Amino acid sequence: MGKVYDRFEERLEIQAIADDITSKYVPPHVNIFYCLGGITLTCFLVQVATGFAMTFYYRPTVTEAFASVQYLMTEVNFGWLIRSIHRWSASMMVLMMILHVFRVYLTGGFKKPRELTWVTGVILAVLTVSFGVTGYSLPWDQIGYWAVKIVTGVPEAIPVIGSPLVELLRGSVSVGQSTLTRFYSLHTFILPLLTAVFMPMHFLMIRKQGIPGPL
């Protein structure tokens, strides 16, 4: 093992990277409330793992979506547990995100020179809420259907562009298969991809600038 490590160390300077990670200064005023962002990240990773597991059984069609969720909950080994963890972790992720935003705002973490960190954080907050909205509809039960109908109908109040925007969100004039396909694509591909872009940016900025001092 020593020879293998030496080969990697010679080429990649692993020890220098490890020292940089472990020797980062942590201000003395930091408390448990500064862990809310990390808890949000942990919830997101749980979401990725459990969501990936559910894609093996979920069928994104209006005729089979609800039945596939029922099958997952009643027939698949530990399927009920996987979906329950996914649902609980989703609620926890939204809650921790909200508390994290409040903590950052109240401690002045959005001020110069951390404006871009704040901007990426707000984008991640919007993505988190979008995950909740799109995921809520995927079982395609009565709650999910009417939630989608209400949410996608809100932009209709916007003058001129309201109706075209509603049709863009739904994929047609009414809520149906096109809507479910759009929400499934958003939930499982587009939103995770955007999160994978902005989350490293957010953490790298925090890593570079450090934790802000007390007010």
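Using the three backbone atoms N, Cα and C, a Cβ is placed for every residue, glycine included.
Pulled from Swiss-Prot, these are the features on record:
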BINDING   CYS35  heme c binding site
BINDING   HIS86, HIS187  heme b 2 binding site
BINDING   HIS100, HIS202  heme b 1 binding site
TRANSMEM  32-52  transmembrane segment
TRANSMEM  90-110  transmembrane segment
TRANSMEM  116-136  transmembrane segment
TRANSMEM  186-206  transmembrane segment
Of 90-110, 116-136, 186-206, whichever stretch has the most CB pairs under 8 A to the transmembrane segment (32-52) | 90-110
Against which stretches of its own chain does the transmembrane segment (186-206) lie, if we need a Cβ under 8 Å and a gap of at least six residues from its ends?
-> 41, 44, 48, 51, 55, 114, 116-117, 120-121, 123-124, 127, 130-131, 134-135, 138
Nearest of the binding-site residues (CYS35, HIS86, HIS187) to HIS100 (heme b 1 binding site), judged by Cα-Cα distance | CYS35
The answer for the transmembrane segment (116-136), taking Cβ pairs under 8 Å and residues 6+ beyond its ends, is 40, 47, 90, 93-94, 97, 100-101, 104, 109-110, 143-144, 147-148, 151, 183-184, 186-187, 191, 194-195, 198-199, 201-202, 205-206, 209
Name the residues of the same chain, 6+ apart in sequence, whose Cβ is under 8 Å from the Cβ of HIS86 (heme b 2 binding site)?
-> VAL46, GLN47, THR50, GLY51, MET54
Ordered by sequence, the long-range same-chain Cβ contacts of HIS202 (heme b 1 binding site) under 8 Å (at least 6 apart) are THR117, THR120, GLY121, LEU124
Note: in the chain of HIS187 (heme b 2 binding site), residues six or more apart in sequence with C-beta under 8 angstroms of its C-beta are PHE131, THR134, GLY135, LEU138
Within 10 angstroms of the C-beta of the residue listed as 'heme c binding site', the count of other C-beta atoms across all shown chains comes to 14
